[in-house]
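Look at TrEMBL and you will find 59-517 tagged as domain 'Major facilitator superfamily (MFS) profile'. Annotated transmembrane segment per TrEMBL: 93-113, 125-143, 182-204, 216-236, 248-269, 281-304, 325-344, 364-384, 391-410, 425-446, 453-475, 495-513 (among others), in sequence order.
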Amino acid sequence: MSKFKEEFPAVPLDSPLGSVKEDVMDKDKPDPIELVPLDPEAAVVEEHPRLSTPRIVALAAGMMMTFFVGSASTASVILLIPSMARDLRETELQTQWISSAYTLAFACGLLFAGRLADIFGRRRLYMFGVTIYTIFSIITGSVKNRIAMCVTRAISGLGMSIALPAGFGIVGTNIKHEPARTIVFATFGLGNPIGAASGSLLGGGMASIGAGAWQYLFYLLAGIVTLLGVASYFIIPPDRPNPTADRRIDWLGGALVTAGVFLFTFSLTESGHAVNSWRTPYVPALLATSIVLLVLFVLWSRYLENHTDRPPVMKMSLFSRRHGLVSIICITSTCQSTAVSSWVYTTTIFYQKYKGQSPFQNSISILTTTIMGVVAALGVMLLAPRVHARILLPSTAVLTASTMIAYANWPEGLTFWALEFPSQILTPWGIDFTFGLGNIMMSNLINQNEQSVGGALFQTSAQVGLALGICLASLINSQVEEQTGNVLKGCRAGFWFGSAMGISVVIIGAIGFRKVKLAKDVGKLP
């Protein structure tokens with residue numbers, strides 16, 4: 001023992017040589033101090049036992065159905081507007097707000113609801129959201145007053161805005177092993193095209209049945225969500241609260257972002273409803289107010305994050321992580337949503353106003369796109385775990401942009417099968433891969449205690465894009481039509497706008513994701 005002490009003498013604690021532990025450490029390894037997370041809450045990882053395969057499948061199906069209902073709720077009601085207007089003895093422009101109220105409330109409630117889910121439990125908030133949706137969908141089908149229906153539809157939208165971010169967080173925190181995690185997040189994308197297709201058929205079908213048939217749509221949606229809620233009660237694992245989490249709520253930030261997003265989407269929506277569009281004084285005033293509120297939200301959140309110990313609704317540093325990839329994901333989501341929603345709006349004018357089709361015939365004319373949306377979503381599940389995101393996202397965005405270029409150059413009198421049908425086969429690939437890959441990357445770029453907020457941010461960016469697409473396409477379409485007196489020229493201008501937005505996704509995706517390999521590995525980037 002004495003010989004050992006001579007060869008390896010003890011080093012005093014205050015020695016300038018440091019401790020023996022420091023000397024024998026591998027100098028190539030980083031200093032352990034640097035591995036401590038900057039966010040104290042992120043240091044405590046929510047431990048969830050690994051779920052069985054049947055439960056993962058059931059959970060994926062349940063979350064996909066949540067997206068299905070959200071999409072079907074929008075698509076079906078749009079086609080019922082003429083029928084509801086006749087029964088309610090209101091104008092179609094006034095009745096339009098029954099649809100818009102849901103969309104506005106859904107968009108404005110996402111971010112704050114996501115933060116509440118991260119604080120109080122995602123399962124709890126999910127069940128609360130689907131319950132609210134169910135109750136007020138039943139009430140919507142029971143009343144025959146436009147204003148009352150606008151209110152109940154708005155509350156239904158709030159219920160869905162509570163459920164969706166919570167669902168995103170439930171998957172993000174409970175399924176961490178691959179390839180199950182990637183496949184489940186890709187499964188989310190199936191809900192939107194299936195919901196849109198089913199909603200369009202249901203809405204168009206009920207509109208053709210007769211007076212009052214539209215009421216049964218809301219009962220049907222409520223029934224689907226009731227079954228979903230009951231199944232989710234048994235499928236979703238219980239919340240495992242973080243004992244060190246800061247449960248203080250940023251009420252001011254929540255009010256600013258909710259009001260800001262609401263006024264922003266409201267002004268864009270109202271620009272298409274108001275008689276004088278953007279020349280109506282309150283429309284640009286509300287838009288300016290919304291921008292001021294959102295800027296104040298950003299400044300307030302930065303102040304809380306950098307100068308206090310209070311948690312904001314959403315940390316602004318989120319946007320700059322991993323070379324700003326969160327920002328790039330949100331921008332591509334917004335641009336792609338703008339492109340596709342402008343295409344949907346312009347095809348509505350093209351088929352109904354130019355070709356003289358009924359709303360139901362219109363839904364059949366674009367059915368190819370919704371069916372291919374399911375195929376594209378399945379493609380995300382198959383390709384996302386195997387092919388680099390930097391290849392998938394720009395290449396599929398090219399397909400969507402090419403659809404709009406084809407429609408913009410449609411030769412008068414050409415048959416549906418010659419151009420419209422093959423073009424619609426290409427339409428959904430860009431948006432399905434943008435959303436599918438975006439879900440996967442967003443979940444892997446954010447901390448465990450931010451999963452629902454991250455999902456809400458991604459959904460909000462998409463909702464803003466949807467509102468922008470309809471607003472700008474309607475503005476461009478109407479302006480060109482007024483100047484030329486030609487409906488088709490207005491449609492061509494709308495399609496060219498959509499193609500420009502689609503091409504922007506190609507460029508942003510190619511540059512922004514140039515370092516990203518598989519979407520699931522995005523969190524490993526230096």
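Just so you know, the numbers here start at 1 and follow the chain as drawn.
Using the three backbone atoms N, Cα and C, a Cβ is placed for every residue, glycine included.
Unlike curated entries, TrEMBL annotations are predicted automatically.
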Subject >> Cβ contacts under 8 Å made by the transmembrane segment (391-410) with residues that lie 6+ beyond its boundaries >> reply: 332, 336, 339-340, 343, 346-347, 350, 376, 383-384, 419-420, 423-424, 426-434, 437, 491-492, 495-496, 498-499, 502-503, 505-506, 509-510, 513
Original post:
Given the transmembrane segment (364-384), which of the listed stretches 125-143, 281-304, 325-344, 425-446, 495-513 has the most Cβ pairs that are under 8 Å apart from it?
Top reply: 425-446
Subject >> For the transmembrane segment (125-143), distant same-chain residues with Cβ under 8 A (at least six beyond the ends) >> reply: 66, 69, 113, 116-117, 149, 152-153, 155-156, 158-164, 166-167, 170, 215-219, 221-222, 225-226, 228-229, 232-233, 236, 452
Subject >> Contact between the transmembrane segment (325-344) and the transmembrane segment (453-475) (3 or more Cβ pairs under 8 Å, separation 6+) >> reply: yes
**OP:** Count, for each of 93-113, 281-304, 453-475, 495-513, the Cβ pairs lying under 8 Å from the transmembrane segment (248-269), and report the range with the highest count.
**Re:** 281-304
